[in-house]
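Below: the structure, in structure tokens.
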Amino acid sequence: MLKNDQPLIFELSREGRTGYSLPEMDVPQVDLSELIPAEYTREEAPELPEVSELDIMRHYTALSKRNHGVDSGFYPLGSCTMKYNPKINENVARFNGFAHLHPLQETEGVQGALELMYDLQEHLKEITGMDEVTLQPAAGAHGEWTGLMMIRAYHEANGDTKRTKVIVPDSAHGTNPASATVAGFETVTVKSDENGLVDMEDLKRVVGDDTAALMLTNPNTLGLFEENILEMASIIHQAGGKLYYDGANLNAVMSKARPGDMGFDVVHLNLHKTFTGPHGGGGPGSGPVGVKSDLIPYLPKPVLIKRDEEYLFEYDRPQSIGRVKPYYGNFGINVRAYTYIRTMGPDGLKAVTENAVINANYMMRRLAPHFDLPYDRHCKHEFVISGKRQKKLGVRTLDIAKRLLDFGYHPPTIYFPLNVEECMMIEPTETESKETIDAFIDAMIQIAKETEENPEIVQEAPHTTVIKRLDETLAARKPVLRYTKED
Ligand SMILES: *Cc1c(COP(=O)(O)O)cnc(C)c1O
């Protein structure tokens, strides 16, 4: 029995009860044992639950309510841009002409789909200021790896094989050093200064003729816009390295500033964040990569091109790093992103950026008196506060996160970035109303008060969920995912 008295589907089972009705058989029955060798067939029927259609409906509906999603409540998970996913995107992705395509269809028969992808690439070129875009990568981290492999191929083609190091600031997203390592580079960390920005002296110290690239997350994971980008670009370029822009958080700069104009050579975007692809729970993503002209030869192949009004995949790309994804990316997510860009238009995208930044600054200012603000300056789409003050009273940031569940909120990202003690990284996004934002702030302030007056209520939270606290290590390492029948 799960808590909340919801029986397991197996406990609901009654022999002979069915949730389906099939028409009378009008073909002769076949004995499968004559067709399938005995070694491949089971001896006994599986013990499946026998339940009515209504029971099964209620079972899955009840389970679905145990998920927290953007459609069920506020989700300020920093760096993840859990904004609303407009339902028009879903309608368009379900058009027969998109949803029922087969990936092996000949290009002549799918010109509309190719046009959409090509057009999306053109829009992303415009939004990022890059010269060419590939839609192949399936996620942000995949885009990072793809971009770094292109940088690697570029240096190798120039005979520049001593460039083995990728510089990554300590305020970068965690995937950056991981992608650099998987792409075969050694990661060199540069520190943040007291303002939370890349420490320029430290950067000058680590850069050299072995620098392959700098990977910059901007805004960084403290939600701060890096102020010295042009200087960084010139330092790295002078040393012969390439500049990589982690654009997963483009929600804060879109239609205001373009990585291409700042001197970046490669950028990836997360269409499942900024451009409203539904995400979380491991659903398909899309992490397109844009490059400047000198990296175009290394783009993954095939490359989608337009020739004489026809859309084609070009395979003859001798310097390409090769294919990075079967077919050509996650088409369904690209349809959603395209729909979003077209429904918003340039002015709409600019308003998104402005509102995302205003919402984050508003929330940061209202929370500042009640928590510690490690970097007291304007933030972009997200900000970082610290629960240091609460920790002195015996309440950890983890407890605050758990207590938020009682209010029906998904907690913010916690304990990241690593350079801020008892960190909470909060991203409200532009799609939330002032009422929702105020209600969340009020809940945070109440938790801060509880910490002073009645810390146990926070330390023992959550009080309203089906399961209280998991042993998170055990849950990750040895998850129990199967029902075991008791005899
Ligand atoms: C989310 C994110 C990533 C990783 O994207 P995935 O799609 O999860 O692989 C990389 N960088 C930043 C800044 C991000 O916010």
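Positions of Cβ are set from backbone N, Cα and C atoms, glycine also.
The N6-(pyridoxal phosphate)lysine feature in TrEMBL is assigned to K273. Take the CB of K273 (N6-(pyridoxal phosphate)lysine) and look out to 10 A: across all protein chains shown you find 25 other CB atoms. In the three-state DSSP reading, K273 (N6-(pyridoxal phosphate)lysine) counts as coil.
The domain 'Glycine dehydrogenase C-terminal' feature in TrEMBL is assigned to 353-454. Taken through DSSP, the domain 'Glycine dehydrogenase C-terminal' (353-454) splits into 50 helix, 11 strand, 41 coil.
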